[in-house]
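Okay, structure first, notes after.
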Amino acid sequence: MAKGGLDAQARQGYALIAPPFLYAALVLAAPLLTILAYSFLTDGYLEVVREFTWANYVQVWTDPIVRTVMLRSLMVSALVTLVTVALAFPVAYYVSFLVRPQKKATWLFLITIPFWTSYLIRVFLWKVILGYNGVVNSSLTGLGIIDEPLTFILYNVNSIVITLAHAYAPFAILPIFVALEKIDRSLLEAGRDLGESRAMTFWRVTLPLAMPGVLAAVLIVFIPTIGDYVTPELIGGGKIPMIANLIQVQMLALDNRPLGSALAVTTMAIVAVVSIVFLLINRRFLKVRS
Amino acid sequence: MKGQGRGLQAYALLYLLFLYAPIILLPLFAFNSGTIIAFPLQGFTTDWFSQMWANATLRTALANSLLIAVSAAVLATCLGIFAARASTRFEFPGKGGMMGFILLPMVLPEIIVAMSLLVVLLGAGVQLSILTVILGHVLICMPYAIAILSTAFSSLDKSLEEAAYDLGETRWSAFRLVTLPLVMPGIISSLLISFTISLDEFIIAFFLAGNQPTLPTYIFSQLRFPKQIPMIMALGTVLVALSIVLLALGEYFRRRGNARMGGNPTRGFL
């Protein structure tokens, strides 16, 4: 009976999960496997020649332009992640620990609203805010604080970082908030009762317990930013391409699908490696919790 | 404690200002009569809005975007109901792996989803159109739909369904009469969130729409022309107002849903 029951349950489960699973297999797995296959093929004129080769990967790993763009993407994503998570943590802490329970949902709602407004227009407006005659520069010159417009926030990596830190803010705040909410408040009182200072309690109790949320935030921000296409295009003016722009150029403009595929697969591999590293670190912190 | 709280509160408010800076500027430039998007502002005008209404390409783009967003929201939510129900109610081998795979688009850079799908569609000789955009949007909306629906399904009391079975309902009629009404708020917020994601999605629409404009790809194409930008600001203002209305509705249904489940009506997003 027990076994029969389990089988019936499993059958029902499979029947239910089949439609979404098959859809994902068809629209996601098949294309991903295709570009994986393409990445080992040779590029011919207007077509892909079915000849196995490592040449695309050799080119991805040795070409100086690819390396520059890849390193820049990694650096920008790392910087964006660092800035976003560092700016987001105090907000999540404030909402979780200092806002009254009835008001928490409203705060989270306020934090998520800007995220749902047109991404393109938000990115463009950062260009307006940071630009040469932009909001920041014209107000600062108008107030007589500076004579010359600030150039360090102009159409460069810094402006990309600011724009992306804005775009991914809620992605960082929400997981950290959830982790902070789960902390048993009596542990903090215990820390204080045992004679720790407030700062030490935060350092030795709150922060380690919040770490799973922080690591989740790091991953959630890092992964999409490394593949961001719009911001380098709009803010950087196409002059500081990131990996997504390079993939697009290879795939479409230069019509070199195998090389573009190899770039995409390499990017996914890098993302996967970074994710695994962070998940392993996370496992250590989860052990602390239990 | 007081001092620390004040400092954090000031920081949180500043952070909100940072988050809202672009949205605050949007209507300022939309109603500004100057053609250059910079301070100081010139005078008040609603010309950009009338220019926007008169724009035929924009209307096509809007119609396309609405069609795509409605289809993607309905399809993603339907598929999401299957997955959420399977994951919250049944145990079977390989469940974690299968669910992880379905949720994968959430953590995959969008450019890779778009490019790989494009390569396959072109290879198979499929004509790029609104349909191919819907195909991609369903894929990326599905994980968000599942996340919302799983919350709705998991807070469901199993004994209610069992009571319905005991009272002679079939599996389907119990689902229709008991489960569905209880998870309805979740379904509505899943529809709204999927709709909003699809309406704003750029990368997939940019590569898979062929020569059909959608709202984001139209906006992107116009941002290159300084003359068009005030009109885009007007369009952005309308879109922001619309998003806020939709989100407020979604939030209302979510809170009502939580209240109906006997939970705390102010419970958070996750």
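Positions of Cβ are set from backbone N, Cα and C atoms, glycine also.
Marked as transmembrane segment by TrEMBL: A:21-41 (among others).
The domain 'ABC transmembrane type-1' annotation in TrEMBL covers A:70-280.
TrEMBL lists A:74-95 (among others) with the feature transmembrane segment.
Marked as transmembrane segment by TrEMBL: A:107-132 (among others). Sequence-distant contacts of the transmembrane segment (A:107-132) (same chain, six or more residues past either end, CB-CB distance under 8 Å): 91, 95, 99, 149, 153-155, 159, 162-163, 166-167, 169-171, 173-174, 177, 230-231, 234-235.
Here TrEMBL flags A:152-180 (among others) as transmembrane segment.
Summarising the annotation, TrEMBL assigns transmembrane segment to A:201-223 (among others).
The transmembrane segment annotation in TrEMBL covers A:259-281 (among others). Here the transmembrane segment (A:259-281) has Cβ contacts under 8 Å with residues 35-36, 38-39, 43, 56-57, 59-61, 66, 70, 73-74, 215, 218-219, 222-223, 226-227, 243, 246-248, 250-251 of the same chain, all six or more residues outside its ends.
Tertiary neighbourhood of the transmembrane segment (A:74-95): same-chain residues 104, 107-108, 111, 157, 160-161, 164-165, 168-169, 171-174, 176-177, 180, 210, 213-214, 217-218, 221-222, 225-226, 242, 270, selected by CB-CB distance under 8 Å and a gap of 6+ residues from either end.
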